[in-house]
Amino acid sequence: MKKVALISLCIFTALSAFADSPNTATASINLEQEKQNWELAQHQDYLKRLKQREVFLQVEGLLKSAVKKQQFSEATQNITKTLIDSLQGYPLQYDLLARFWETKIAFLQNDDIQGRQQAINELNALVQQNYPFVTPAFQALLQKLSTLNEQQTSATSDNAKENNRVQKEQNQVENPKQLAEIVRKSDPNTLDKTVLIDAFPRYLKTLPEQMNNLSFESYQKWANTWQLSEDEIKQWKIAFLNRFFDNENTDFQKWRDEQIRQLQTDNLTERRLRMAIWQKTELTSWLNLLSAESKSKQEWRYWEAKQDILKNTKKLTALSKERGFYPMLAATQLKQAYQLNVPIAPSFTQAEQLPFKQVFAMITELRELGRNGLAKQRWRILLDNVDFTTQLKLSEYAKNQQWFELAVDASIVAKAWDYLSLRLPNAYSEYFNAALQNLNISKTFAMAIARQESAWNPMAQSSANARGLMQLLPSTAKLTAENNQLPYQGEQDLFKPLNNILLGTAHLNELNGKYPNNRILIAAAYNAGANRVGKWLSRASGKLALDEFVASIPFYETRGYVQNVVAYDFYYQILQNKENPQIFSQEELNRLY
């Protein structure tokens, strides 16, 4: 509607200028008529699109029914083909045509040579039209037709044996608890050692982390028996150390540190560094073990700067000029303002936009139909075939269309990390304004959480069944709704932006009651749960500064989550022109964790 209003305004402005011309005395008489004609044309286009959408859905339903009932008569084929042909100008006409041919080919008999040839001819003609995104589907159908008459031979006895062997190995991998028995009973000459290698890390997870008399010696014997290479044994040791890293046995801890020094594997060294940070022991020897690549990370440059008293200010100053959480920490350590350069994203001219008109119409219609996943697939194909500047312009276009998740996606594909207005669009602003009334949560923080959780995809769903913009679990949503007298009718409500934002911000406010004005703890609890945060605080025993606590969060995901949310909050303050933008609150900085 915003676009329609803008176009209308432009037309009326142009017509008004025309009416003011002394050489067009009759133009003012026709202005109202021109306005009515334009509005009528817009309305007729809208009605036409609604009708086409209805036909699209009806034909799609017919094709689904044909497949389900295994009936696709010639009469039904003719009806559906006629209806598809009537959809001239509809963005998804060729999608439906591909679906029609997919259904028709499924019903072709092997001996129907004439029908197969007719299909090949028509599909070849469609391929020649080179219709965006749909042509590969037609090509795939042609390939399917070319192999339709090929008879599938039964598997040979050798293949059957191979399949049985693979299935047996898969069963072994799926039951890692049995690995010790498999090693004891199996002959190294008959069982592929990759089965053993792949299953070992999962076998370790079946063992208690704090088991007594912990030793790698027995697994070294396995490795010798199965003639594992040095690199394979190294991978086993890494898996073993990762599994039992926090085992409290002092002999194991001594062996662990020796192995970390020998293996010099960054993920283990970084984990040992985090342990040293929360234990408040020396860091330099562990920092020196890092590879050049890891040493270049902002996080370890920050900690190296804190250890180097002589060059502390110089290193922190250099870091503070970059973008990110640790540059913000560096500026805070230096008690300096954090300066941020935000480039302006380019936009399409009308002429530049024309080549994408068909694609934009397709994506618009898919989104209208709720096919956001397919719309994103086509958006990604588009992004992968244009240059960096065009990717930026596409991101800006998507943002202006309120395709917020596609704008973010384009910024990620382009690696446009400095273009914060594209990475962090001002999405669902009115909903946040409404939801945050009378809550002790800032708009920029709530939006930072949503951006980190879903990248502004309202249909996002995690493997744990967290849903929507702020990725709420149905159980959390239900409890939050009850505690705050908010409407909630079930899981599907979480895919509705307003409902999700109401519940997500209410949950943030509940966490704020537990951790007043401390986004570090609120964000960590929102991601990992308040119980885990409680355990981490208990382990820290009120001895850690803000930077030490964040660095020692044991979960990789939560650690990155907290850092991103704090950074996004500050970026949103800049983008929303907040006065005196604040990186950290006094409560966050002054607290010992």
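Glycine is no exception: its Cβ is also placed from the backbone N, Cα and C atoms.
Under the DSSP three-state reduction, GLU453 (active site) is assigned to helix. What Swiss-Prot lists as active site is GLU453.
Taken from Swiss-Prot, the feature compositional bias 'Basic and acidic residues' applies to 159-168.
Here Swiss-Prot flags 152-176 as region 'Disordered'.
Under the heading region 'Slt-type domain', Swiss-Prot lists 440-529.
Positions annotated as signal peptide by Swiss-Prot: 1-19.
Averaged across the region 'Slt-type domain' (440-529), pLDDT for the predicted model comes to 98.
Of all Cβ atoms in the protein chains displayed, 23 besides its own lie within 10 Å of the Cβ of GLU453 (active site).
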